[in-house]
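Data block below; observations after.
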Amino acid sequence: MGFLELLEVASMPIVQVLLISVLGAFLATDYCSLLSADTRRSVNKLVFVVFTPCIMFANLAQTVTLQDIISWWFMPINVGITFLVGGILGWLVVKLLNPKPQLHGLIIATCASGNMGNLMIILVPAICDEEGSPFGNRSVCRSIGLSYSSFSMALGGFYIWTYSYQLVRSSATQFKALGLVKSANKDMDSDDPRSLLLPKPQQNQDIEIQVKEKVSTRTYIKDLLHQILEELFAPPTVGAILGFVFGATNWLRNLIIGENAPLRVIQDSVKLLGDGTIPCITLILGGNLIQGLRSSAVKTSVIVGVICVRYIILPVVGVGVVQLAWSLGYLPPDPLFRYVLMLQFTLPPAMNISTMAQLFDVAQDECSVIFLWTYLVASLALTMWSTIFLSILS
């Protein structure tokens, strides 16, 4: 295939996402007012609790078997490398640019967490559907590609709802605690006679440090275990775990999968709910991007830093990692598998981060600005890198 043909194949899935996002942006404008901030927040919670677990369970239970999980052993490592390298680069961006405190966790999370869920499910099967795709028969490619995408989505969801979730939550907690300390110090500096009864700022800080040290020493292990359990039992993670269990266990799989399965109505119902995930998330993405247009709460240097990490440094690292693993014989012979692994390094930030920002009520405007520019650049970056990946594999 020539460069222009590869460019056309790679660009069509991106155009689909852009069209649905534009519709979401229109629905969020004052002219339409169907996707207000409160509506987006409510739908985000619905996606988090219902739609995402359903699509994960439905796809994994149907398309991923125990043999697949064993043969695709490198994909969890690949996803872990994307989070590790992206997190380190995001930390460097924070240290170099010194943004506002509430943005620290958000920046590291956006650099580390790619959109391995709905974008993979849209992009990979769409690549298979294009004429001239280098991945063979269209129906076979689409079926296998959906399996790869579902596995990628489950792995990405696990990392996002543990690592990235913790980053955003801890950043929100620290920012709110800092605000409370500043508010208390401001009250003590006031002319109110009652402030004379309160400790001085320095005394207050010393007391606060002593209390923190005492509490952290007593409750560190307890809080850590509680956080791990809480994150592991987040609805998307539970959906992914159940999908793996049903897909890998033959008798459970036969209960719900297949025309003669006695409980196939459960799989059909779950799949019906899961089908709402992609349009809902993409529409909300467009609505959140409109909010980004109305705000300039993030320095240009921060946006440029995130874009460079996600669309320049990580893709180069991804090509090196995948080609090295291929040369060492760690990967299956299917070129589509290598394409998926490379694509995991090239994706824009996970949209679940915006859900987390709204859940914890922190840096929502800044998140919208970062998402606006990263997803605008993604239309060009994904097309170009996808073309490069296809040329390498073909």
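Keep in mind that glycine also has a Cβ here, set from the backbone N, Cα and C atoms.
Per TrEMBL, these features apply:
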TRANSMEM  12-34  transmembrane segment
TRANSMEM  46-64  transmembrane segment
TRANSMEM  70-94  transmembrane segment
TRANSMEM  106-127  transmembrane segment
TRANSMEM  147-168  transmembrane segment
TRANSMEM  302-324  transmembrane segment
TRANSMEM  336-357  transmembrane segment
TRANSMEM  369-393  transmembrane segment
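Just going by CB pairs under 8 A, the stretch in 70-94, 302-324, 336-357 that sits most against the transmembrane segment (106-127) is 336-357. Here the transmembrane segment (70-94) touches the transmembrane segment (147-168). Their Cβ atoms form 3 or more pairs under 8 Å, with each pair 6 or more residues apart. Of the candidate ranges 147-168, 302-324, 369-393, 147-168 has the most C-beta pairs within less than 8 angstroms of the transmembrane segment (46-64). Under 8 Å from some Cβ of the transmembrane segment (302-324) lie the Cβ atoms of residues 78, 81-82, 85-86, 89-90, 93, 96-97, 99, 103, 107, 110-111, 114, 331, 338, 341-342, 344-349, 369-370, 373-374, 377-378, 381, 385, 388-389, 392, all in the same chain and six or more residues away from its ends. Same-chain residues lying 6 or more positions outside the transmembrane segment (12-34) and placing a CB less than 8 Å from one of its CB atoms are 40, 119, 122-123, 126-127, 130, 279, 282-291, 375, 378-379, 382-383.
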